[in-house]
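Swiss-Prot annotations:
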TRANSMEM  8-28  transmembrane segment
TRANSMEM  32-52  transmembrane segment
TRANSMEM  66-86  transmembrane segment
TRANSMEM  94-114  transmembrane segment
TRANSMEM  158-178  transmembrane segment
DOMAIN    200-288  domain 'RCK C-terminal 1'
DOMAIN    292-373  domain 'RCK C-terminal 2'
TRANSMEM  383-403  transmembrane segment
TRANSMEM  406-426  transmembrane segment
TRANSMEM  451-471  transmembrane segment
TRANSMEM  475-495  transmembrane segment
TRANSMEM  503-523  transmembrane segment
TRANSMEM  540-560  transmembrane segment
Amino acid sequence: MNINVAELLNGNYILLLFVVLALGLCLGKLRLGSIQLGNSIGVLVVSLLLGQQHFSINTDALNLGFMLFIFCVGVEAGPNFFSIFFRDGKNYLMLALVMVGSALVIALGLGKLFGWDIGLTAGMLAGSMTSTPVLVGAGDTLRHSGMESRQLSLALDNLSLGYALTYLIGLVSLIVGARYLPKLQHQDLQTSAQQIARERGLDTDANRKVYLPVIRAYRVGPELVAWTDGKNLRELGIYRQTGCYIERIRRNGILANPDGDAVLQMGDEIALVGYPDAHARLDPSFRNGKEVFDRDLLDMRIVTEEVVVKNHNAVGKCLAQLKLTDHGCFLNRVIRSQIEMPIDDNVVLNKGDVLQVSGDARRVKTIADRIGFISIHSQVTDLLAFCAFFVIGLMIGMITFQFSTFSFGMGNAAGLLFAGIMLGFMRANHPTFGYIPQGALSMVKEFGLMVFMAGVGLSAGSGINNGLGAIGGQMLIAGLIVSLVPVVICFLFGAYVLRMNRALLFGAMMGARTCAPAMEIISDTARSNIPALGYAGTYAIANVLLTLAGTIIVMVCPGLG
């Protein structure tokens, strides 16, 4: 039996789509030195090559892909989006505006200089900034721009062509810039990280190991009684001195949970909870030969929960003000916008931050109720909320504003982005509403993006040879300029106008570019995870601004060139 592969693929859109995705994802795993191509560019390259062979796909698949992607971007940004606007994140907001705004202006100027149409210009902006949200926003606005069919088709083809030609330029140039730009300014990143660590009492270790607390039981001997000197547990402040706290006491065969007025006596058996290194640091005379095994005394359920910050008595407060250890709980991690933050007593908590807390189940539940709520450990997505807000986003995108003879609408991209932000924000405030496991959200977002990239590549592939020969050199120059010049402008603005600490500034710059590989280089250079504070500060708002930039560039200059 003979199988005509070309006819088989052209006759089955679903098969073609998944062949492109499979081949593209394989290609995306290839590395050029230390740089991995990535899924987006892999799928785009494969789809462009197959597009040259006149394979095509139903445009409905492309539309659904970009809608899912942009909606999920909004959901991820939602918990921290408003806190960046309305509280102490004005520096991060201004940095993101400078980065995106300068890139937008430079791209428009270069597009005018080289005589490109709006499709090439917007695609070059998206690729140089390694930002798929720009591509998505521009593509959606073009489709709703009222262009005649042939002109629209050319603009969309050029959009994906510009993106494909400049994506690697933008990625490589930013990674190289992240490696060498810190060396061109007079403040060493490692010194800057240590400086802010001293000022704020931060943990600078980028590779800090996380241990769970353990429970051990000891019999109180004369050495420990002498050390307490008749003081009660409250006066001793035993956790501050040892890193452990007393969970239970057995005295005369009676098991009890001690209060602050309890005084240790000879022969008491105590259950100490603390990290392994805290147990190891205990005075040997307190523990050597005195450890006991008592099933009831040691019968404590240590749990680790992810606590979402929500309540007003925690939002805006420093970690130190929560006094977790006074409540018998241990902090393992602080997560903001999927970025792990330094464990720092002076880190100010935002609504939607996630604290990984360990301790006795009852104590963790108590502290969680005071801070916010325990994140649901479920693999079940609230599809009702997901679909309802998706519909709301589409309806918002249909709104059109009319001014005399000029009209414009938000479009699906802006509508879905706004609806996603609202869903993410409400999820951060209501633990049982709109729950989407992070794995499920990431999968839908990635799948939507890959479908979108496959669609634009197949649509644009037929014209890539002509375009590459005519504008390849110009695209190389423009891509480098748009990738690096806004970074330099952002650095000058942050360093000399905002006067930011350099470690935080470089982290914030990488967040404004939403580039995780470059962020890793900055952290390695600083030998610290301090830059993650800046990265998390700009990342959420930058994703939103980049989507709007794709819309704005088309609305401002629809006939560029």
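Glycine is no exception: its Cβ is also placed from the backbone N, Cα and C atoms.
Tallying C-beta pairs under 8 angstroms between the transmembrane segment (540-560) and each of 94-114, 383-403, 503-523 places 94-114 first. Looking at 32-52, 383-403, 475-495, the range that has the most CB pairs within less than 8 A of the transmembrane segment (158-178) turns out to be 475-495.
For the domain 'RCK C-terminal 2' (292-373), the predicted model reports an average pLDDT of 82. Through the fold, the transmembrane segment (475-495) approaches residues 91, 94-95, 98-100, 102-103, 106-107, 110, 114, 124-125, 127-129, 162, 165-166, 169-170, 173-174, 177, 181, 185, 502, 505-506, 508-509, 512-513 of its own chain, all at least 6 residues removed from its boundaries and within a Cβ separation under 8 Å. Fewer than three CB pairs closer than 8 A are found between the transmembrane segment (503-523) and the transmembrane segment (8-28), and contact between the two stretches is not assigned (pairs 6 or more residues apart).
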